[in-house]
Structures are given as C-alpha cells and as structure tokens.
C-alpha cells in the first residue's frame, strides 16, 4: 500500500470551526448495555441541534445495520466494529462535527486506539457508569434475561468483561439525577472546554 498517499484538504480544521461556530470533537459514550448511552447521547444531540450546532449520533445498534452488518460479537469482530466506527468518527470530526458515539466498547485498548486517531482534546470519553444491577433491571431489549439464560454468549457484564475507563473526561451515572441535569453537565463541559459557545 506504499502507493496510497493521503490527500490534504484545502480547508483546515480552524476554517471549518469558524464556519460552523464551534470546534469539532468526538464524544465517546461507553458503558454497559442499558446504561443509558444512546438516551443520553440522543438528548445531547437534540440540545446541540436546538443551539444551532452541528452534530451527529453514531449508535451501536444502527451501525450494525449497515457499516458493520457483516460483524458478529466475537472479540475480533468487536475490535473491528470499534475500529470502523472510530475511522468514521474521525472523518466526521475532520468535517467539523461534534460526533456523539454511543457504543458499549468494552475494551479499553480499542477506545484508546480511537483516541489515538485524533488530536489532543478531540476525543472526550464519557463513561456512562450506571451500575450493572440498574442496567439489568432496565433491560430494554431483553438482552440480560437472554444472557442469564445462556441464549447469548459473551455478553458484556455477564459472561464477558467490561473494562471501565481509568481516566474518562466525564463520568455520568444515569440512575442519579434526571436526563436534563445530565445533559447540562455535558453542555457545561463543552462550553468550559471551548468546544461550543455559551
């Protein structure tokens, strides 16, 4: 692949940020199934849209309908799933978007690989640290029940490990407080970090 050369864009990161009125970033929501990642990311997306900011939500289930529909849930397939999503998120970041990625992404090494794809401060890890007992009691898709019955093997949190972030930029337990206050915490972080205007 020595013949493949990266094409440099004529538009810079700072020019895209100036046009959009905010900096791009990847907010990576990680946590157990049922933790509230997609709900929280979706509510943040709605708030950013209300403010006239440019964002897009990449959801774990949705990408498996297209981009990653050929992948299963083996360790290798999970790694490839996160690699692909990381590359897509990087492209969206390059376009100047606030990319909201909601994936269980149970392995710390894979999340760190995505972080390494982008510049300093462009990857914001949001650990949705809702306890397993709460996630299992919610069980919106019936997955925990199936995993406990042995119908799903290698299910994160039950028969497969989840490696919690060591130093996430934000930690939110969705069983504490309400959705509005949790979104406000995310927005405050983005404002204080200079990603979006107040």
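Glycine too: its Cβ is placed from the backbone N, Cα and C atoms.
Straight from Swiss-Prot, the features:
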type	residues	note
ACT_SITE	105	active site, phosphoserine intermediate
BINDING	31, 32, 33, 34, 35, 36, 37, 38	ATP binding site
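With the fewest other C-beta atoms within 10 Å around its C-beta, 38 stands out among the recorded positions 33, 38, 105. Rounded to a whole value, the Cα-Cα separation of residue 38 (ATP binding site) and the residue listed as 'active site, phosphoserine intermediate' is 13 Å.
Residue 34 (ATP binding site) counts 24 other C-beta atoms within 10 Å of its own C-beta, drawing on all protein chains shown. Geometry remark: residue 36 (ATP binding site) versus the residue listed as 'active site, phosphoserine intermediate', CA distance 14 Å.
Closest by Cα distance to the residue listed as 'active site, phosphoserine intermediate', from the binding-site residues 32, 34, 35, 37, is 32. Taking each of the binding-site residues 32, 35 in turn and counting other Cβ atoms within 10 Å of its Cβ gives the largest count for 35. Secondary structure at residue 36 (ATP binding site), taken from DSSP and collapsed to helix, strand or coil, is coil. Local packing around the binding-site residues 31, 36 was summarised as the count of other Cβ atoms within 10 Å of each Cβ; on this measure the leading residue is 31. Following the DSSP three-state reduction, the secondary structure of residue 31 (ATP binding site) is coil. All protein chains shown were included, and the count of other CB atoms within 10 Å of the CB of residue 37 (ATP binding site) stands at 28. Taking the mean position of the Cβ atoms of 31, 32, 33, 34, 35, 36, 37, 38 as the ATP site, the remaining same-chain residues with a Cβ inside 8 Å of that point are 102, 104, 128, 130, 135, 174.
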